[in-house]
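Undergrad: Let me begin by handing over the structure; questions about it come next.
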Amino acid sequence: MIGHLSKAEQAVLYPKDRRLTMVIKPYMWIIFGAIILIPLGAAWIQYLFFGLPPDPSAVLVHLPSEATPGFPAWARLSHWVNFLFLSLIIRSGLSILVDHPRLYFNNGCSPESEWVRFTPIKVPKDKMWTAKEDARYISPILGLPGYRHSVGLARVWHFLTVPFFIINGIIFIFFLFFTNHWLRLVPTSWQVLPDAWNVFVHYATFNFPVEPNGFYHYNALQQLSYFAVVFILAPLAMLTGMAMSPAIANRFPWYPKLFGNRQSARSGHFMVMVCYLVFILIHVSLVVATGLSRNMNHIVMGTDSTTSHLGLYIGIGIVLFVVLCCFIALWLSWHHPRPLQKLQADINGNLWRRSINTFKPARYYTKKDISPYFWPNGKIPEDSERWLALAKNDFKDYKLKITGLVENPMELSMDELKKIAKDQNITMHHCIQGWSGIAEWGGLPMSKLIELVKPHANVTTVAFYSFGSGLYGGVYYDTHTLDNCKKPLSLLAWEMNYKPLTIEHGAPLRLRIENQLGYKMVKWIDYIEFIESHKDVGKGFGGKNEDDEYFDLLADT
Ligand SMILES: Nc1nc2c(c(=O)[nH]1)N[C@H]1C(S)=C(S)[C@@H](COP(=O)(O)O)O[C@H]1N2
Ligand SMILES: [Mo]
């Protein structure tokens, strides 16, 4: 599959160590154990000491008689469309997850504070260990596009699918309430709760309840589960997903707090996925166990035939089609990544440019929020003779060059930069890989620099070039819209957590643009260039990671 890639790319994407594990902290085993064992235990106690409760499926008080039986075409169609989209979303989500294979409940992502890790590696304490090194391999059978550090393309699939998944959901809910089909899905009486419990006691103790014909009725537990998948899981997936956006979190910092914090939102997003998987597993098992052919006639053909196998055959065809789609997605990812990246930019990049990217980051965090740990990323420019020489002398000879389409090109030493102005912000950093951290940053507001150099009227973009190189070699750089550079909190930082910026975090100078993801914040800055379009530099996609790793593009303006 990846045979056409260069040796350097293969070394990153297909490393020697491809072990995947799952190490869960004991306290989380206890919580998960309790969630599973308490209801099971209660069901068994009730069964053993008080006997089996009556089977409510025989009575069905909660299903009003006016509900039309069967599955209209829109319900069947959206069911299968949903299956396709969920396959793509979950598989790409797994690829994103293993790019930072740890989940936490704290913003700072300190090593060993994770409640689960999917890597056998403990973060070494005696050397620099970057988040990129920490990324894990996932088989393309599970992940889309799979392999290692393919988060750019995984995001392309995740975000290409999400709008259509949402539209499909909206269409489904629209039809649901415009017909009386909703009566089948939405409980109309609280009686559904005790009934669902009674059904659960039956299942849990292997006294299988009377199976209502799903064409006419669901049992109470079934109805509650379907209701929860549509009206609880799907919205939770979207809301926790949004809590991970830097543009949203740094403009409305209260928002991720609805879920605890940014990392518990990420953990929640993962748990929603687990709930979907558990639901799919039980749903499919029961569809098979309670009359596969008949059930498939319901959801494929919309008929209640017990003799025909047509629904089953077509259903198998649909499943094979979804598998084929997953293969095509994989093939496209590895053979035609660029058009995918552009398509995603055309759809979401434009959508976001007009919506969340207009948000102005706000000052919100205080000293006590500063994370005790901050993951480092990127390659220290040890292969740059110029940077090494400057570092040796503590950057006393460093001069920041500002060139391009400006009235006043400049070369400024650190002392000169510091004399212009200084601003300090405490903000949350969002790495595309999934980790975050809160830190104080001190430095020159980009807006002040822009005032000094006076860009020409045709400038739309500012490019920042590093002394360091990218993952596959070549100068690391990234671009930002002039508009984003002028936003409050956009800084050329020489200070982190009230101390001079360390080598690890980008000395002598690094960028902070707080509505953007981490990879856009160039460290070890060499020079700055004001340009007409990001297409004029590098390979023309707006940054080193955009060029080489298909990270999110800035939308064309
Ligand atoms: N020159 C350079 N700058 C870079 C990178 C890099 O690889 N090279 N990585 C980026 C990424 S992906 C992130 S998340 C942040 C990390 O900043 P930190 O090391 O201070 O946490 O730096 C960004 N700036
Ligand atoms: Mo990052």
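Glycine residues also receive a Cβ, built from the backbone N, Cα and C atoms like all the rest.
The model shown is predicted, which means the values in this text are computed figures rather than measured ones.
According to TrEMBL, the transmembrane segment annotation covers 27-50, 80-98, 156-178, 224-249, 270-292, 312-334. Marked as domain 'Cytochrome b561 bacterial/Ni-hydrogenase' by TrEMBL: 71-292. According to TrEMBL, the domain 'Oxidoreductase molybdopterin-binding' annotation covers 393-534.
Each of the listed features needs to be described in terms of its position in the shown structure.
TA: Here the transmembrane segment (27-50) has long-range neighbours at 115-116, 200-201, 204-205, 207, meaning same-chain residues at least 6 beyond its ends whose C-beta is under 8 angstroms from one of its own.
Note on the transmembrane segment (80-98): residues 20, 118-119, 135-138, 142-146, 148, 150-151, 153-158, 161-162, 164-165, 168-169, 172, 269-270, 273, 276-277, 280, 318, 322, 325-326, 329, 434 of its chain, located 6 or more positions outside it, place their CB under 8 angstroms from a CB of the stretch.
Sequence-distant neighbours of the transmembrane segment (270-292) (same chain, 6+ residues past either end, Cβ-Cβ under 8 Å): 86, 90, 93, 97, 103, 211, 214, 225, 229, 233, 236-237, 240, 306, 312.
Across the domain 'Oxidoreductase molybdopterin-binding' (393-534), the DSSP tally of helix, strand and coil residues reads 24 helix, 64 strand, 54 coil.
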Undergrad: Over the domain 'Oxidoreductase molybdopterin-binding' (393-534), what does the predicted model average in pLDDT?
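TA: Mean model confidence (pLDDT) across the domain 'Oxidoreductase molybdopterin-binding' (393-534) is 97.
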